[in-house]
């Protein structure tokens, strides 16, 4: 900058037009450079940067003075023909301008040098230029021959050089004074600061060192020497002496720290912990801190200053702590389990070496700060994290749980882990989680292998049908393998697991034998084996082969019995079959034996008789000689494929006898294998099923035809009705269904018995077939119901209806007649419901319901009539459907109740007996007559349950009456035919009497005459059993049926109830009087 100012000055000088020749004096010209440099030094605040800070006005004055001195010395250095003179006013003005502009220029420079350096430079340049040209303006250039002016004479006396030199030295003096004052003050302040700093460091127990790396000279404080045991100034003040006192193992580490600090420019302080030898030869741990304060022009450090602190006690504590930690770490590392601990964020704080190796690291320190997400088992990280959170949040340990882990090499292992909260020993605050685990992969593998081995053993036992067992004689606990449970077909959870429980499963006939064999084995100290039977499942028998051996202690006391049980049922059956086969070979079943190639080796006599060939004609040939030609090659190919793959084939086949007759037979072929599992023979069993086939045809007929009447049954009828419906839709025709029910048929059955009833059904069926055409279908629908299909009557509805009516009236007329049933006659009529249908989309069930509804309307109209279905009848259908539906739950909902009809003594009018009568009060239908709902109960097969309820409820009521003092009253209970014929009826009666505890002699069961005579032997047996219980028996409606008095005389009945048909005409009707007198005198005969 000084050279720049000087250049501005001389360039300006060259711009002045001076008369004559001008020369520059070399020394003076060079001398003028010095004020320019001094001014620049002041302007750029270099003194301040060295610690001497000058105020801005003083700096401005000094900077202006330097510019003036430079200007006027430079002008003095000009030699020309004449001399130089100055205007006093302008000279003074140039001084004022120099100072003011220098001040302003430096003010601008201080403010803008960092933000707008160009503006700051322009300010300084302008100040220099204005000052220079003002000084030029103050100068007069006078030639030697020119006249002198007064002002010029004044300045001539004053030598310009002297004035300039005076000003320069005055400025230098002031600057030197100020500089020295500032430096002295700064030095004093620095000394005070260093004194206070050293005092503070000494008070803190730290020693101070000051070292010049260039000269290796050093200074050490008193405390520095004390730390190492030296007196002040006793230690050699060099860096080399310090490095010599450092422990040999630490020298390189310390030097490296110094070099790194210097190389990095001293940005961060130097710090190293190391050992130094004391004056006594001991070693102390110290920490040295330092920083480079000065550097030379090349950037090399010339001064470093720092402190030295004795940390021997702390280091010893750290060493002791580290030793403890190492001891603890050594203990943990030697533990056979993995140990780790984490903070609350699941970051690892430490672990033992086994855990580190599991994680894929060589040292535990490598895991510190990491999480499970950064491990090889990151797939389980979320699982582990969830466990950590639960333990930390609840404060409860999670112990001995198993979890998977993926190793760094991708293997899957299993761990048994425990996690507990990690506590701060001071605050007891949970700061993390401590965990440990052991690798149980081998154990899991062993368990899996054991499980697999057990499964294989179990499977082997299953295949071999052999199970194992162990009996602990100290507690009588019996342990069975799974196969034994399967063999005995016993639920493991239901088994008592004792020796006695095993004996309970042994067949009763073998139980004593098995128990004795086991006791003999215990007494003789010898194992045993035997074959016996067991009862399993639903009571069927299995054969088992059992072995047993017992372990004894040294005193001969039995400790443990163990053995095997093998299912030999199939083998036993096979042996039996072999014995049977030996006999069966000569039985009526045809037997053929061939070799593996199908060559016939042997046949029995039954086969020869069946085929018509002799043994010589058969043996040596193949079975192809018997083929009938009814089966193609594919049939035989499939048959032999099945035999060779499954070892067995059975099916029906047609063969040809020697006389050419083709006949059916049941053929069973079994493949016989040798010890290597290869087929060696084939054995064929041949049964002539000619008669069976004929019987099957009869069975097919029975399946679709009623056995009693020979008419199509309900199944066949439904098939034909479905075909008729399809034809109506296809051909747009009308057809009709006739639902026919015999009037009062149930009463006939109850009075005369089923045999008489069946005779009537057969005669009616025959008449129905005579009354219809061959295209019509007449079927028995069940019981006393018949159904007729009149197909495709006409395409016109009216014509079809007329035809149907004509046929129906003909049937009514034909069936309204007297029938000869055995030795008595019976007049019967029918009620018919007619349902005409066409191509409407109605289901079979709907059509039948409609026909049935029309039939019931006929019955309601007085019977012996026909009724065509009218949609208005639907309500009756709905009622019938509703009745069926409601009856299903009526008993459960307690909708039935009993009325009691009293029987009084004619002598005193006293009630001596009552008859229980069932009633039904339906929530939907109201009070329903027994005549309506009892037939429905019988049809729905609910009559037995309802009858049993009547029996129980009547006895309960009788019990209450007797308890109330009416202990002379008897009760009569009607028994329905279905109830009487039920195989459980006797047990039901016995249970009710036992439950109610009523005297049996006060209960009278009323049985109809027809039911008794339907099966006299059964009736006699059952009535005898009921009579033995003490019950009274009454024959109801006597006189209406066809009974044998000789049979009645053997029945144990107590009462005959004469049908009211005879009683109501007494005493006017002589026949009725005679009949009743005969009955009354019968017991006296």
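Using the three backbone atoms N, Cα and C, a Cβ is placed for every residue, glycine included.
Under the heading domain 'MHYT', TrEMBL lists 1-142.
Residues or ranges marked as domain 'PAS' by TrEMBL: 193-266 (among others).
Look at TrEMBL and you will find 270-323 (among others) tagged as domain 'PAC'.
According to DSSP, the domain 'PAC' (399-452) comprises 12 helix, 30 strand, 12 coil. According to TrEMBL, the feature domain 'PAC' maps to 399-452 (among others).
Annotation source TrEMBL lists domain 'PAS' at 453-525 (among others). Residue counts of the domain 'PAS' (453-525) by helix, strand and coil are 46 helix, 12 strand, 15 coil (DSSP-based).
Taken from TrEMBL, the feature domain 'PAC' applies to 528-580 (among others). The helix, strand and coil residue counts that DSSP assigns across the domain 'PAC' (528-580) are 12 helix, 32 strand, 9 coil.
Per TrEMBL, domain 'PAS' is recorded for 576-622 (among others).
Residues or ranges marked as domain 'PAC' in TrEMBL: 649-701 (among others).
Across all of the domain 'GGDEF' (733-871), the predicted model scores a mean pLDDT of 90. The domain 'GGDEF' feature in TrEMBL is assigned to 733-871.
Summarising the annotation, TrEMBL assigns domain 'EAL' to 880-1085.
Annotated transmembrane segment per TrEMBL: 27-48 (among others), in sequence order.
Residues or ranges marked as transmembrane segment by TrEMBL: 60-80 (among others).
As annotated by TrEMBL, transmembrane segment applies to 86-109 (among others).
The transmembrane segment feature in TrEMBL is assigned to 116-140 (among others).
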Helix, strand and coil residues within the domain 'GGDEF' (733-871) as assigned by DSSP: 63 helix, 46 strand, 30 coil
DSSP residue counts for the domain 'PAC' (649-701), split into helix, strand and coil: 12 helix, 30 strand, 11 coil
Helix-strand-coil residue split for the domain 'PAC' (270-323), DSSP-based: 12 helix, 31 strand, 11 coil
